[in-house]
Amino acid sequence: MEVFQSHRKSSSNNVIVSILPFYRSAPPLEVRLEDFEFFAMDRLRVLKGISDGLCRGKKPEEMEKLVVDLWKANMRHPQAVEEVNKDIISHFVLRLVYCRTEELRKWFLSMETTLFRHRFRLESSEAQRALMSEFKLPYKAVSNAEFESVKDKLGQVARSMGQNLAAADAIFYKVPFEEVPDLVSGRRVFIHKGHAYVAMNQVVSLVVTQFRSYISKALILTNRKWTSTIREQEKDRLTPIVEALCTSYLGPDYSQPQEFGEISIKDIDQVAKTSFPLCMRHLFEKVKEDHHLKHGGRMQLGLFLKGVGLKLDDALAFWKAEFAPKVSAERFDKEYAYNIRHNYGREGKRTDYTPYSCQKIISVTPGIGDHHGCPYRHFSEENLRAALVRMGLSSRAVEDVMDKVHNRHYQLACTLTFEAVHGSSCDAGINHPNQYFIDSQRVLQSKNGSVA
Amino acid sequence: MTKEEADNGRDDMVIDVPGQANAVPDGFNANYLRIYYGKLFPHADMFKWMSYGNDGKHPGCDKSYFGRREFSFTLENDIYIRFQSFNSVTELENSIKEKCPFKIDIGPVYSVDPAKRHAYAQSGNNVFTPVERELVFDIDISDYDDVRYCCTGADVCLECWPLMTIAIKVIDTSLRDDFGFNHILWVYSGRRGVHCWVCDGKARRLTNEQRAAIADYFHVYKGNENSQKKISLPGLVLHPFLARSYTEVLKGFFEAKLLPNQNLLASEERYEKILEMIPDASVASELRRRWQENKRASMSKDDINIVRWEQLKSILQSGKQKMQGLRRCVEEIVFSYTYPRLDMEVSRHMNHLLKAPFCVHPKTGRVCVPIDPNNCDEFDPTTVPTLSQLLEELNRGGLRQDAENEWDRTSLGESVAFFRTSFLQPLLKSCKEEIENSYNAKLQQSKNDLS
């Protein structure tokens, strides 16, 4: 794959191997540098969406729909050739990004495999058969006549697993039992005279297993190549892009508060109680209690408030008032006002700082005297439970949240908290404290017809 | 006994008591074994079996095949020697006769002659590795001690032996119907269990993973003395294998034989074990109450076990039972008592050594004779020929001109004949075909390559 800067050359190889690529080798395509990055980011949105869906425990049918929606939203192109090229290019770019550590590889492998599984299922039977022969799997479809003769037994097997012999699964493959030890082991197939009758969804598992095993090996090889040659060779061009890609937050940045316009000082106390996520509630409570916050907390809460709609003047007034018992007005103006103005882009290089996403907040480690970071990650179990109870969660809800915490799904824990507090579901999951705020306001407004 | 026979070192067995000229006291020792290996043990048949058709007569034969098979001998005084291998029937026979092993085990066929294994281990490429091995199973009645009250441990009697019989039926049927295997040998282990040797080419070439899969397919009974519920049959219906086993073998055996013979519901101690398996406490209490009130089946002449079992079934299978766990409760109880309890470890690995058929068991003196799976109901472990009995029969027979087929005039004859006609001959025929086909295919392939 050649990466070109600036100008576009028409792709000389319009070869489509199949609609669903196996990513066996990087095709000889030419890619613009911008496309290199953007294609990858689009695919990353798909993979992260899948990751979210899996974390939320979506059922297979829901996942399938999610995959379709994500793909349509991010990867579609009116020209089939372009779509396939983007598919392949983005996969290979992300291989570079995600080959570098064991954890990254594991994540990428898991998401790509899930993506492949659902896309495979959506293919027509001919396409699936063609794909299977590419993988050289020795499966023969069962003839209608034979199917009729074993239908009862197949139904029995399905029901023994709590499933039904749906019309969709009426396609069965006859395979030597030696090829499917897992299915034999779990008595998940009907076996007769040495042949196992494998249902379509089980065949998918087998193809996916092959795919997974292939990608897994490819990632290791890619990592070797990356470490030995590519990273150095591309240190001025591709390497910075690759290194930035895996930590990128891909949602809206909430730098411009939109929906609820302005929030004024007098509203803050009220909305803090109803619509702040735990991380911000905690910081807010601490400011009120200690009349102080260290730098990390001021940044996290301050930017959040900006995203919520607090204007600069109101922000200055807020912090000044809260700090008043410990910091005189003059000292405030000297030591703290500048930073707040800086956050709003009125000082220095005038960057309008964006409020922190969950990813960023989770990644920081608060030190002694700090109160920022993600409480789901850093609070002791006891403190977290107490905080959740203070937010009004039932003991059942607290258990559910703690379960997510124990499994280190911090955003999921926050999502469950949201759902428990508001009594409504949050399908998209929480990715950003300001998103929590907006969603919360939305729910409350639809309930009360007013803001908070 | 003639002078010649006496001179062959069997003096210690000569009993000069009139009328007891042929009697041989019970026992197991090297002297008895020597005669056994000398006259009765079917060396040639074992050799033919283990060669799987590679007798050198066909150009496609692998002459190294038999020599790559591991045997191990347990000698007197528990001396154990592994990695014994032989290149011909004569070598095998001579070694056995000379060493007089108390036990012979058969291992896998390796990639190279086991005697040369050290040379290959050096290369570090794992070149010394099993390449073929029969699929084997081992079922031991002492694993059923919690469900038989007539015997424990190593003892076995005609009341509890049928547990082995039904195990054979369940596994044998599945090996043939489900897995498509044909060449299956069931052998009495000599004391308290049975072994199964699946000898099809496909079976011999199974990987460890595939063996484990088959073992897991058969694995239904999961537990030990610490677990309460050892059989769990979730799902609305049973897998066809389990359903067939239940309706064709287990249910009938449990209700007609095991239940009354072992008095499984006759006393509180025993029926509590069954009541424990019912997940619905109220159902269990209801039955308990009824049975405590009715200490004997005063009303009917029927066996109390059967009466109570009917009551239990009637409550559990009535349409009124909504609770999920009760759906298959009756089957679960029957399975816990009767379903085969295999030793999983034996089947999983290619390098597991298993006792050879026609060995003699040191503790019982009984010969490990084949069992006909089609007639396994008739098999009686208490009448299997013993070593001393066979020697006595030999004595009675007198001097014979032909040294061959000595077994024919003993009770062992029947077993050897069965081994040959039902197992060995069909197996060898099939092996020959396989060798020929494979050879012809290779010839064809090289013709294609050249053209």
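Backbone N, Cα and C atoms are what each Cβ position is placed from, and that goes for glycine too.
What you see is a predicted model, and the numbers here were worked out from it, not measured in a lab.
Among the candidates A:Cys99, A:Cys374, the residue that TrEMBL names alongside A:Cys279, A:Cys358, A:Cys414 for the [4Fe-4S] cluster site is A:Cys374. Every protein chain shown contributes to the tally, and the Cβ of A:Cys374 ([4Fe-4S] cluster binding site) ends up with 25 other Cβ atoms within 10 Å. Within 10 Å of the C-beta of A:Cys414 ([4Fe-4S] cluster binding site) we count 27 further C-beta atoms, all protein chains included. Around the Cβ of A:Cys358 ([4Fe-4S] cluster binding site), the same chain contributes A:Cys374, A:Tyr410, A:Gln411, A:Cys414, A:Ile430, A:Asn431, A:His432, A:Pro433, each under 8 angstroms and 6 or more positions distant in sequence. Taking Cβ-Cβ distances under 8 Å and a sequence separation of 6 or more, the neighbours of A:Cys279 ([4Fe-4S] cluster binding site) in its chain are A:Gln300, A:Ile361, A:His372, A:Gly373, A:Cys374, A:Pro375, A:Pro433. As a whole-number mean, the pLDDT of the domain 'DNA primase large subunit C-terminal' (A:269-437) in this prediction is 89.
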